[in-house]
Amino acid sequence: MIQLLYTVIFAEMALILTLLFKTPLRKLVIMTLDRVKRGRGPVMVKTVGSTVLVVLASSLYSMVKIQRRTVEAGPLNPTDQVLMSKHMLEASLMGFVLFLSLMIDRLHHYIRELRLLRKTMEAAKKQSRGIDEGKNGSAEEVKGLKEEIATLRTKVSKLENEYETKDKEAKAVEAEAEALKKQSEGLLLEYDRLLADNQSLRSQLESIDLSLSNSDGKKST
């Protein structure tokens with residue numbers, strides 16, 4: 001389970017990095033995401049997300065049960081410590097998977113919005129240039145054209161402002177992705193530490209079992 005979650009996290013991080021930089025692979029990824037969001041794709045994504053949420057809730061519930069046992073029966077025994085560490089790591093990884101999925105969805109949305117804004121701005125600028133070149137009509141036509149040019153320029157200015165806003169949002173998401181990369185490195189270090197603790201606790205359990213079996217053998221003799 002934990003290895004699967006790490007695989008999904010690394011795949012999602014690679015997908016985010018692909019979306020952040022202009023490469024031929026980025027266009028392929030965007031086309032794939034467009035297809036996923038059509039037809040039955042959203043239903044499948046929601047189903048998988050709901051399943052992960054249910055498993056996350058189950059891990060959290062198990063952690064609460066172990067915590068209650070500590071309150072009632074005193075300090076945790078080695079088995080409960082191992083289980084607590086396992087559930088905590090799984091819950092952290094599943095939450096991270098859901099967060100990265102949300103980031104991928106938002107990045108894809110912003111990229112599509114930026115592409116639409118660029119196309120609209122180019123069309124508006126071409127129309128404005130065409131109107132500027134055709135100013136040789138009557139005074140009323142010139143006045144009407146000037147008004148239309150002013151309207152189009154206002155629209156272009158508005159679109160440029162929207163483009164700048166979306167660009168800032170995309171940069172903010174890029175910075176957040178970098179922060180998530182650092183957080184993932186921290187989780188890897190924590191995972192290695194938990195594995196070492198798990199191995200130590202298992203060795204302690206084996207020693208305790210061996211001592212108990214030796215004491216039982218002495219009693220029987």
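Placement of Cβ uses the backbone N, Cα and C atoms for every residue, glycine included.
Unlike curated records, TrEMBL annotations are generated automatically.
TrEMBL lists 107-197 with the feature coiled coil.
Same-chain residues lying 6+ beyond the ends of the transmembrane segment (6-22) with a Cβ under 8 Å from its Cβ atoms: 29-30, 93, 96-97, 100-101, 103-104, 107-108, 111, 173-174, 177, 180-181, 184, 188, 191. The transmembrane segment feature in TrEMBL is assigned to 6-22 (among others).
Per TrEMBL, transmembrane segment is recorded for 43-64 (among others). Long-range contacts of the transmembrane segment (43-64) within the same chain: residues 36, 83-84, 87-88, 90-91, 94-95, 97-98, 101, each at least 6 residues beyond the stretch ends and with a Cβ under 8 Å from a Cβ of the stretch.
Within the chain carrying the transmembrane segment (84-104), a Cβ under 8 angstroms from the stretch's Cβ atoms is held by residues 1-2, 5-6, 8-9, 12-13, 15-16, 19, 33, 49, 52-53, 55-56, 59-60, 62-63, 66-67, 76, 173, 176-177, 180, 183-184, 187, 190-191, 194, 197-198, all 6 or more beyond its ends. TrEMBL lists 84-104 (among others) with the feature transmembrane segment.
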